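Have a look at the structure below before the remarks.
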Amino acid sequence: LKPCASGEFRCRNGECVNSTLRCNAEPECTDYSDESNCVYPSRDCSVQQSRCQNNRCIGLFSICDGRDDCFDNSDEKNCVDKPGTCRSVEFTCQNSTIPCTLLAYQCDGVRDCSDGSDELGC
C-alpha cells in the first residue's frame with residue numbers, strides 16, 4: 001500500500017481521499033469509512049427526516065431499511081421486523097387497505113390511510 005499524500009485520509013479499504021472531505025455527511029470512500037465515528041453539527045431535521053445519533057438527518061424511509069444511512073448504524077438499531085407491524089416512524093392505519101403510513105403524514109389534512117384513520121382526533 002502506498003502512503004497517502006499530505007492532506008489525505010486513508011480509507012479502511014486503502015483508498016486515499018482529501019482530508020477536508022472527512023465527516024462531511026457525504027461518503028467519498030467507497031466503503032464509507034470517511035464518515036465513520038463522526039459527529040455532525042446539530043441542526044433541525046425536516047418533518048420528513050429523522051435525526052441520527054451523530055446528528056445527521058436522513059429520510060424517514062431510510063430507518064430500518066437494512067442500510068447504514070447514518071454512517072453510525074443508529075438508523076438500524078431497535079428495528080422490529082414482524083410481518084404486519086408498522087415501523088417506529090409509521091402510523092398504523094385502523095381498517096385500511098394500506099396498513100401503514102409515515103407518522104409525519106398523520107394529521108396533515110390528507111387521508112393517507114384509505115379509511116382516513118390518520119386524520120382522526122387531530
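The backbone N, Cα and C atoms fix where each Cβ goes, glycine too.
Model, not experiment: these values are computed from the prediction.
Copied over from TrEMBL, here are the features:
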DISULFID  CYS4-CYS16  disulfide bond
DISULFID  CYS11-CYS29  disulfide bond
DISULFID  CYS23-CYS38  disulfide bond
DISULFID  CYS45-CYS57  disulfide bond
DISULFID  CYS52-CYS70  disulfide bond
DISULFID  CYS64-CYS79  disulfide bond
DISULFID  CYS107-CYS122  disulfide bond
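Feature map: annotations from TrEMBL on the structure.
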residue: CYS11; record: disulfide bond; Cβ contacts under 8 Å, 6 or more apart: VAL17, GLU28, CYS29, THR30, ASP31, SER33, ASP34
residue: CYS16; record: disulfide bond; Cβ contacts under 8 Å, 6 or more apart: CYS4, ALA5, GLU8, PHE9, ARG10
residue: CYS23; record: disulfide bond; Cβ contacts under 8 Å, 6 or more apart: ASP34, GLU35, CYS38, VAL39, TYR40
residue: CYS52; record: disulfide bond; Cβ contacts under 8 Å, 6 or more apart: ILE58, ASP69, CYS70, PHE71, ASP72, SER74, ASP75
residue: CYS57; record: disulfide bond; Cβ contacts under 8 Å, 6 or more apart: ARG43, CYS45, SER46, GLN49, SER50, ARG51
residue: CYS122; record: disulfide bond; Cβ contacts under 8 Å, 6 or more apart: GLN106, CYS107
What are the sequence-distant neighbours of CYS79 (disulfide bond), meaning same chain, six or more residues apart, C-beta distance under 8 angstroms? ILE63, CYS64, ARG87, SER88
Just name the winner among CYS4, CYS29, CYS38, CYS64, CYS107 (the disulfide-bonded residues) by count of other CB atoms within 10 A of its CB. CYS29
What's the number of neighbouring CB atoms sitting within 10 A of the CB on CYS70 (disulfide bond)? 25
Tell me the Cβ neighbour count for CYS45 (disulfide bond), meaning other Cβ atoms within 10 Å of its Cβ, over all protein chains shown. 15
